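Per Swiss-Prot, these features apply:
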type	residues	note
BINDING	LEU73, GLY104, LEU123, SER124, SER125, LEU126, THR127, LEU128	S-adenosyl-L-methionine binding site
Amino acid sequence: MNITVLAVGTKMPRWVDEAVAEYAKRFGRDVAYALKEIKPEKRGAGVNAAQGMAAEEKRILEAIPQGAFLVVLDERGKAPTSVELAEHLKTWQQNGEHVCFVIGGADGMTDRLKQQARIMMRLSSLTLPHGMVRVLLTEQLYRAASILHNHPYHRE
């Protein structure tokens, strides 16, 4: 199974990169995981939030793997349990889907991009820093995979 995470933003703290790498390597051969950073649009002098999101949308759309099952992370999305995420993962795996998760920029993402998503998901009702979202998403995807393999990582 292929999972791609597109995350607007670059230059994350080292602990973010290390944590994402740690969970990504735990997937093993069953999951090909890739995190791709999308350059954020600079705000200020003549570039407002809407213009910035539009520029980021263009970069995101160019980076989405062709035919991918698109999942966007948004505060208005549904917050699945770890077991529900595992069920999604199982379905995607059975259908041979290449799943692409999108983490928007500081101002979020355009409505047009959200409408293209097959699922809108949120990790928490709390506002989280972007680096933390990368880590939490990767950990939860690993947890979902471990649930499917009856690995003791997840405990009810």
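Including glycine, each Cβ sits where the backbone N, Cα and C put it.
Each of the binding-site residues LEU73, LEU126, LEU128 was scored by the number of other CB atoms within 10 Å of its CB, and the largest score is that of LEU73. Under DSSP, LEU73 (S-adenosyl-L-methionine binding site) is assigned to a strand (E or B) in the three-state scheme. For SER125 (S-adenosyl-L-methionine binding site), the same-chain residues lying six or more positions away in sequence with a CB closer than 8 A to its CB are GLU75, ALA79.
The binding-site residues examined here are SER124, THR127; by Cβ neighbour count within 10 Å, the least packed of them is THR127. Summary: among the binding-site residues (GLY104, LEU123), the fewest other C-beta atoms within 10 A of the C-beta are counted at LEU123.
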